[in-house]
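K.L.:
Quick one: the structure is below, questions incoming.
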Amino acid sequence: MALVEAKLQVGYCSVCGHLSAEPVCDICRAPNRDSKTICIVADSRDVIALEKTREYRGKYHVLGGLISPIDGIGPEQLSIQQLVRRVSQQKVEEAILAISPSVEGETTTLYVGHLLKPFTRVTRIAFGLPMGGDLEYADEVTLARALEGRRDLE
Amino acid sequence: MYLRSLHLKHFRNYQAQSIEFTAAKTILIGNNAQGKSNLLEAVELLSSLKSHRTSRDRDLILDGELFSQVGGQLEKDTGSIELAMTLRQNGRRTVALNSISLRRQLDFLGTLNMVQFSSLDLDLVRGGPDQRRQWLDALLIQLEPIYAYVLQQYNQVLRQRNALLKAIQKSAAHPPHSSSSELALWDAQLAIAGSRVIRRRARVLDRLVPFARSWHQTISGSTEVLEIRYASNVTADEDTPEALQQAFLEKIQQRSLPEHYQGTTLVGPHRDEVDFTINQTPARQYGSQGQQRTLVLALKLAELKLIEDVIGEPPLLLLDDVLAELDLNRQNQLLDAIQDRFQTLITSTHLGSFDAQWINSAQILEVKAGTLLEQESF
């Protein structure tokens, strides 16, 4: 019963695409959140994961998936147009791409980044070593990624 | 390195079997379809996580069982390592090193190193280019385990790009939509991932060539000059990732029309070739079957040496049904090369087919319907 009810009540936020019982979700309505920063994720679960950190105070945009021709998902199947409209019409100062570094994630990141660049500063999250992880125990893929994303010492 | 023991449970035709390897050479003797190659396949799995005979885990599980286990105790210069792998009828396989289960299977690669030489390899020179690419990829994964990831990324981009090309082909009747910019995106990904594959493959061949050349001269007893070249369908004048990616994109542009009509990716390392030439003549046309076998043997010995150089200790050598196919001269060349330095597992249907030197001091196991019997040494 509870599950049926949940399914009936929960829909998607008309602004960011996150799961929401209201037409506009809590995060989009929150007045104290910074609407000049938008974090772009593939899925609502990513919003929940990022929210748990309580470090991010901006808004979100949920794409609803990743570009994957094998699954018949092209840019039109994702909420990319809405995102471009949002970024071009509002005063967004930074768009942060927080998408996992798989082949599909990488392609989606490039595609979205390219579209947003004319309107705002576009950044992507770093991939690297987990906290508390020793360098010698890191796997090669992670190490290679961390090397790729190295930066100047401040 | 030395594989001290191998443990099989519900694997292929083995119910439960433990094997202690007690000599540098182990000869597995038995009739066909008794399970000799299955043992080597188990070692191959522990080394590469792959079997050259099947890509489905359920083929590896004894009929009527839900799971199968393969394990082994490996002695290396750095210490003793316990390898373990569980294959399931339904579900993912799991791997563990020293009883610690690994989250990422990639981390298992590169622990047990080996060179495989089976009767199938005798066709390496004559066979199709895909055989040579597979051979090269398997060698690379042992030397640079991260290459498994590089290759997997490339194959995934390739699958996605092919799906998109097919979709564009189907919708050709409709007015064009955003697909051309979407395709450009996959072109870029293909060029990045593909350039990595090409550069690593070319680099490993360059390192292999000196060893292969010297072995080839030793075995053939001639001064013929062997050349091995990675013949990519994408080449750049300058040897930098950027130059190669640029050349890659240009080549995609050139082939865009045929790609559109065929609905599949025509440019990239999945269509590359490895060229063997002897005195400037392509080896596949050049030699008799015997000469081509000499070349394959030289390549295998070069692999042993290269892996030993890079890893710092000798890898295992698996000879599956191949020794009897080599004449006495080549058998002896092989024996001289490996001596007792490389642990060698050999399968054969009968002992009579090879020189007595091989049998001296070897451990001989008889394989019969999924069980092993230790035989007296000669």
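Note that Cβ sites are derived from N, Cα and C of the backbone, with glycine treated the same way.
Straight out of TrEMBL:
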{"type": "DOMAIN", "residues": "B:2-350", "note": "domain 'RecF/RecN/SMC N-terminal'"}
{"type": "BINDING", "residues": "B:Gly30, B:Asn31, B:Asn32, B:Ala33, B:Gln34, B:Gly35, B:Lys36, B:Ser37", "note": "ATP binding site"}
K.L.:
Of B:Asn31, B:Asn32, B:Gln34, B:Ser37, the binding-site residues given in the record, which has the fewest other CB atoms within 10 A of its CB?
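P.N.:
Among the binding-site residues B:Asn31, B:Asn32, B:Gln34, B:Ser37, the sparsest Cβ neighbourhood within 10 Å belongs to B:Asn32.
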K.L.:
Which are the residues of the chain, B:Gly30, B:Asn31, B:Asn32, B:Ala33, B:Gln34, B:Gly35, B:Lys36, B:Ser37 excluded, whose CB is within 8 A of where the CB atoms of the ATP site average out, their centroid?
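P.N.:
Nearby residues not in the site list: B:Asn38, B:Thr347, B:Thr349, B:Val367.
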K.L.:
So which one is it: of the binding-site residues B:Ala33, B:Lys36, which has the fewest other Cβ atoms within 10 Å?
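P.N.:
Checked B:Ala33, B:Lys36; of these binding-site residues, fewest Cβ neighbours within 10 Å: B:Ala33.
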K.L.:
Per 10 Å Cβ neighbour count, which of the binding-site residues B:Gly30, B:Gly35 ranks highest?
P.N.:
B:Gly35
K.L.:
Kindly state the mean pLDDT of the domain 'RecF/RecN/SMC N-terminal' (B:2-350) in the predicted structure.
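P.N.:
PLDDT averaged over the stretch: 92.
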